[in-house]
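First the structure, in the form of structure tokens, and then the observations on it.
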Amino acid sequence: MSASDMIGIDVETGGLFDPLGFSKDEQSLYKYRQVELKHGRVAMLACLGTLVQSYTHLPDDVFSNPRPLGALGQLLSERPLAILQIVIAITLIEVTSGKQDPELAPGQLGRFGEAFKPEGEAEMAAVQLKELKNGRLAMVAIIGQWVQELLTGQGPIEQITSGHISPFGDGQGLF
């Protein structure tokens, strides 16, 4: 599949924008699209997770921190072996997902989700474009949430509910 055949390559730029030539190798391009979809899906879950953890916690004090990066630091300091479990799980997922059938569309996981698949090709292309764009936005958003926590020392919900909307000039965080 060439770059011109892929959904979402020209949405923001009005045409193929590839100044570094990543799209020349079609086999690598297929892998890049798989990786983009996977990272987008993980980022969408991460954005939701940072908001949910402000309200919901597991019944252990280690998991009670409402700040995303603060919670990770607390887990590292109090339960370092938990990080090993996370790394092992990610490794297993990466090893098994690397065996995807090249006949399938990038990001398609076998028959998973067949019940939700739209009827027509146009509807399916629209859903795929929405997933791609939402994933791209989520990748930017999760980085923004982490930077916001580093600057203000507050999680996203914590900052909004405290009335501290701007991280600049009010004595909180780094500014």
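The backbone N, Cα and C atoms fix where each Cβ goes, and this holds for glycine too.
As the structure is a computational prediction, the values presented were derived from the model and not from experiment.
Annotation source TrEMBL lists chlorophyll a binding site at Ser23, Glu36, His39, Leu76, Lys130, Glu131, Asn134, Arg136, Gln148. For His39 (chlorophyll a binding site), the same-chain residues that are 6 or more apart in sequence and have a Cβ closer than 8 Å to its Cβ are Gly135, Met139.
The chlorophyll b binding site annotation in TrEMBL covers Arg41, Leu109. Classification of Arg41 (chlorophyll b binding site) by DSSP places it within a helix. Around the Cβ of Arg41 (chlorophyll b binding site), the number of neighbouring Cβ atoms within 10 Å comes to 15.
Pairwise Cα distances among Ser23, Glu36, His39, Leu76, Lys130, Glu131, Asn134, Arg136, Gln148, which the record gives as the binders of chlorophyll a, peak at 39 Å. All protein chains included, Asn134 (chlorophyll a binding site) registers 16 other Cβ atoms within 10 Å of its own Cβ. Cα separation, Ser23 (chlorophyll a binding site) to Arg41 (chlorophyll b binding site), rounded: 22 Å.
Closest to Arg41 (chlorophyll b binding site) by Cα-Cα distance, out of the binding-site residues Lys130, Asn134, Gln148, is Asn134. Ser23 (chlorophyll a binding site) carries a helical DSSP state (H, G or I).
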